[in-house]
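So that you can see what the record holds, here are the features copied from Swiss-Prot:
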{"type": "TOPO_DOM", "residues": "26-1349", "note": "topological domain 'Lumenal'"}
{"type": "CARBOHYD", "residues": "N296", "note": "N-linked glycosylation site"}
{"type": "REPEAT", "residues": "377-386", "note": "repeat 'BNR 1'"}
{"type": "REPEAT", "residues": "483-493", "note": "repeat 'BNR 3'"}
{"type": "REPEAT", "residues": "718-728", "note": "repeat 'BNR 4'"}
{"type": "CARBOHYD", "residues": "N900", "note": "N-linked glycosylation site"}
{"type": "CARBOHYD", "residues": "N965", "note": "N-linked glycosylation site"}
{"type": "TRANSMEM", "residues": "1350-1370", "note": "transmembrane segment"}
{"type": "TOPO_DOM", "residues": "1371-1401", "note": "topological domain 'Cytoplasmic'"}
{"type": "TRANSMEM", "residues": "1402-1422", "note": "transmembrane segment"}
{"type": "TOPO_DOM", "residues": "1423-1486", "note": "topological domain 'Lumenal'"}
Amino acid sequence: MIVRSLLLAGSLLLASVVPASFTLAKSDGPQIKVKEFDKVPTDVHYFEDTDTIILSGKKAELYISTDAAASWNLLEGKSGILYPNKYHTQSAVIYGPNRKHWVTFDAAKTWREFEVPDKLVYGGGFMPFTFHGKDAEKVLISAEECQFMTCRHVTYYTTDGFKTVKRLFEGDMGCFWAVGNPAFGEGEPHLPDKLDDRVFCIWPHATPLDLTRRLVYSDTYFSDRKAVAVEAGGRDIKGVNNMASVKKFLILAASSVGTSEAAIYVSKDAVHWDRADFYGGPKVRGGKFTVLESTNYSIQVNVASRRSRVPIGSLFTSDSTGTSFTMNLDGVNEDKDMITDFEQVSGIQGIFLVNIVENAEEVKKGATREKKLVSRISFDDGRTFKPLKCGDKELHLHSITRPSNIGRTYSSPAPGLVMGIGNTGDKLGTYETGDTFVSNDAGVTWRKALDKAHKYEFGDQGSLLVAVFDEYKDKIFTDEISYSLNHGKDWKKAKLPHRVTALQLTTTPDSTSLQFLLVAEDEKKKFYVMSIDFSDIHERKCEKKDFERWPARLDEKGEPDCLMGHKQFYRRRKADADCFVKEKFKEPLPETEPCQCTKEDFECAAGFLRNKDYECEPHRKVSPPEGKCKNPDDKFMGPSGYRLIPGDDCLKKGGVDLEKEVERTCKDATKAPVSGQISVEKTPFKTKNLNYRYLERSDTSSGDDETVILKTDDGDLFVTRDHGKTWQRGKFKEPISLYIPHKYDNDVIYLLTEGKKAYWSIDRAHTFHSFEGKLPITRTLGTLPLYFHPDHPDWLIWIGGQDCKGKKCTDLAYYSKNRGDEWDLLLRGVGKCMFVGKEGELTADDLIFCSQHEHEDPSKSLRLISSDDMFTKKTSVHFDGKPIVGYAKMSEFIVVATKNGTELSSFTSVDGKTFAHAAFPPNYHIDAEYAYTVLDSSTHSIFLHVTDHPAKMHEFGSILKSNSNGTSYVLSLPNANRNDRDYVDFEKIQVVEGVALANIVINPDEVKAKGQEKKFRSLITHNDGSEWALLSPPKKDVEGKNFDCKVKDKGTDDCALHLHGFTERRENRDSMSSGSAVGLIIGVGNVGSSLTPRAESDTYMSRDAGITWHQIKKGRYQWEFGDQGSIVVVVAEEKPTKVLSYSLDEGETWTDFEFSDKEVTVEDISTVPSDTSRNFILWCRPGSSNEIVAYNVDFSGLKEREKQCVLKKESPEADDYYLWSPKHPMQKDNCLFGHVSMYHRKRPEAKCYNGPKLDRLSGEKKNCQCTRQDYECDYNYERQSDGSCALVKGLKPADPMQICKDDPEAIEYFEPTGYRKLPVSTCEGGHQLDHLVARPCPNKKKEFDEKHPGIGGFGLFFAIFFPVAIATGVGYWAFSKWDGKFGRIRLGESQPESIFSRDSPLISVPVTIVAGTVAVITALPLLFSSLWRSFRGYTRLPGSWWGQRQRPYASRGAFAARRGEYVGVVDDEDELLGAEEFEGDEEEDV
């Protein structure tokens, strides 16, 4: 039941007693008793099967009536909000103030007080109490734990009715009972032993390095601190958003980066979870679906249309497993909150009413926003829908989206009685012009009951109908009620004691009472609660002769109809009987008669779907039994495709049995077992240029297609869904000029023509729809014509060109919020416009940034402006309108380059409002004609390449790295190579944190002074650019021969491995590493003192993320990783060949395969971007330069890849996988960025395939102590040859007190040391090189002292006299043993050996005997402070629970930034991890 109320929140005062009752003569009507209140009563709640009612009043006061509203009393000593337990109707909890609450288990007769340690939470998606479906004493409690202005979510629980309250989970996003509904588990044969104790919680970080939300569970209330993640298909379900309990089903919704499609998982036993498939209608996208009122054998879901600005949905019904949904009805009406016009008739199986938008297609296309609503009813569980009939006219009724009362909209437990407000005609009119209609045969026929709209209720099992005039909106008052004693045929009226407008009319939940409650308001703003009692109208109690055996469902012939194997009957009072049933609290129960089985009693079995004729057809080819189908013409006995619906009790004897096996032909069955061979399919295309794109799949993408599109030179578009085996040519009226994949939704692609016409597909190029822009796309060089919103996939910005001259136009920006159906002007004279708002970041959701030419003149300079209302009223001009060169959005950063005379400056913002000037390294002047290239920001620092030498073909520059908020840059790598297109030889190694490769120019002076050709060396970093080193060369080449230089354990200036980088790559999408083949890197290059020309290169591979290398092929080869690295394919580069080589053991051995009978030149080799497929495409050029031939090469037939690998989380190294840890080559342990990471890798010798993308990250063994590799040089410091950081001569450290100015809440700052911690590092303890000496911020001395408290007399003795006693010896010993230099801190080795090691933080200042004393004394409070920080670390939530009602964790990114871990990290440094959030930002030129 959906509970609604139009009542305004307010306070309530019991007024002085008015006359006790207003009584009519017994024969004239009901007895009415009135209580007056000066504020509107709210939240009326009946305890079921009692006359006890509680309502809310003034300042959360609660009032109680135990005589069906005849009298009221204050609930003494208790106040707050009442939360009824809907599964245990005698139970309710009062959420009280001051952490005191109350619970009752006997309908408010007695109450038990209890306390919860923290403040309870409601709103923002959280409810304070989650009740168990079967045990009233088991309750989950939602709270928030706050300290130091920061809060996090905490869940408590009780199993003994609040006698004890214990903590369950911290930092969760909500917890749920497995048995969240009384029906859950019924009929299931295999249930967990402790199902009643099983609790699920949404957990944001299953491991500290993987911040995607999981659903975890425990049968011991997490008392052992162990959480088991829910799986589907052997993989953790990630990106969990919410969970719900619906009858016998648990439903889980999940999302992932790269698609707007949501995944729905269903379980009937709280153990096994299966993904639900939706057929025949739109996919479930985002959170846009509503689980409707469902049955024990089926789930009803309304899926919102993605296209329409006006809310419209599609109704889906599941099979009995809850995993196969079929669309029953399109165009279902819903409101902006996704409340859906759908309601089942109470107590009768298979009948429900729904309102649909008859002009849905016009509304979706934007032709109109006015919905034409019509009502429909189904009598067969949604198979068919019919109009409602009032005589010979169609009837349309207002539904849930227009509530007028509380409780159900149309019906009640009164058998067959249905009422509604509406009108006859061709569409639904307004509520105010509607009349009141009634049906006494469950909606088959209708009659007009009363003129005008009324609130209505049912009593005495339907023998009494009560209605009151309902015009609250227009404040029209009435002094009478209407009632009917014969199912609405005739109506009588009764006078009310006051002229009022009705606010609420209700009665007992089971509609068996003769007493009703009316909440009303009069013209003087007085409020009344009226008890209306009809008990004395009929003196006679009904006898057997007064009842009929009423069939609940009728077929087309008017005969009792069958559903779920039986007919349904009710014992119901005859309409004209002059008696009352008077069986209070005895709800009518149905009688059933069994039916013989018919086709309707069966549903499609797994792997089968209904067709348009309601027949079950195979969704995929049927697998034959083993040993069958040796020949295509053979036949076998296979599944029929049907199964009896579980719970259906039809009689098979004498009826239909569709479950029997049927004969099937082998040619329609699945393919034969694997052949052991690699298969090849060849397709030629007439085109000179190769232009293709994969539509990548994400974690929650449905289906299994591998879709590729190819555009030819003449504008044709070809699509393959099987990775190049078969292709289809698109049918478009105009040639396609370019395609633009949606940046944030891989399922969506846009095709643009030279004019205004464009096409879009949201189903992975299966179907295309067209629209027109306001102007043809821009021709301005370097300007993209289409921009997308990261969270609203249908929001577009279109850049159209006007007055184009060559490749220069006056560009206008338009926006659409419905995928191009409607366009509105944003700005004229723009450079580019883009959405920069993103959920989980500090920017506003609808924030747009535009660069606009002065005076809208394209010859003028650009300025940066922004707006969060589409530039209708509010426009912010940044940098006082001064010229900018460009701007870019990278992860959470907005980076802007401004031009000030001859100097180029950079600014950074994380909220789109405040820009901080980027402080570049000292003495670093950037001329205005130089270029920035933003390289990467995936580790929450910006890598920026700044050109130092722009001479054509001689470009190079410096790679700078920012702090975590992008405002302070230090030099990471000088002389980094760049080309004339602003691409840089810099590449991050995927998955493994902080590893990157770069090429530097080793003769910069000669290049600058003499114009010499650039010479290169390759460098690698393992700590995110803090340190760079030469690549270690292999010991021998692939033939076992020595190299020309002397190879050592590490790369040297004379002998190292050098690899050709990004600037020489023919296809920018190719990469040296893979996002799924962890640790594998391939490149072409040479061993020597510098990089030789590409033509002289060989091919090399690393299996340990770049620490060691080996040569795999002589000569240059192209490569691709498949099946997450279990297949590696290489093919000769830029020379004719007909052979490829592949490795199944990470490059240890190679096998040649002839893919063509003639030699061709391979232009490119490709596979899906996630590298999870066993299919590849070789894009080849035969003799003709105007033809491309695509060779699909399929490795899935190999015997070595026949079975799927086995990975068990409880024993990850027991079967086909092992655990691998990346490490730093200069460290003895496997610590990288302050932690040990463990990754699942397939054993090279295992003969199996990986299949769906693995959760590669196994977990984190531990956080490590901080070492030199966890720090980099601070601003105005530079690295010395010995690895230390020293202040640049003539400069001062950055102002350490700036943090106090920037953050009014800051209590302290730290004196500069020359070092800053890498933002991505999670190390603890060890060398705290950036936080040595703390000082109080101005006016924060008191708070500082409280944070760093002093010590008492006894402690003071040891803190002063004992250190002084040993200071001389310690200081002298340290001085004599230490060989460091004054004025700098030397970074230590991997682990501190002792407190007096040469790298100890204690020895970090000029040392004298006295300094030894000072250091020891100072260390004590600092050590305490450090320990305290490691135990607090609360995270800041956005806004107030009580104010905004905002859910604190709206997205993965938001939760990544609020992990709830007790780690002392500055807020700006908190969002460090979460590879799932990385959107694959490519280099972006500013």
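Cβ atoms here come from the backbone N, Cα and C positions, even for glycine.
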Worksheet item: Can you count helix, strand and coil residues in the repeat 'BNR 3' (483-493) using DSSP?
Response: 0 helix, 4 strand, 7 coil
Response to the item:
Averaging pLDDT over all residues of the topological domain 'Lumenal' (26-1349) gives 90
Item to complete: With DSSP as the reference, give the number of residues of the repeat 'BNR 1' (377-386) in helix, strand and coil.
Response: 0 helix, 3 strand, 7 coil
Worksheet item: When you scan the chain for residues with a C-beta under 8 Å from the repeat 'BNR 4' (718-728), skipping those not six or more beyond its ends, what do you find?
Response: 681, 683, 685, 705-712, 764-766, 1167-1168, 1173, 1175, 1177, 1190-1192, 1194
Worksheet entry | For N900 (N-linked glycosylation site), the three-state class that DSSP assigns | strand
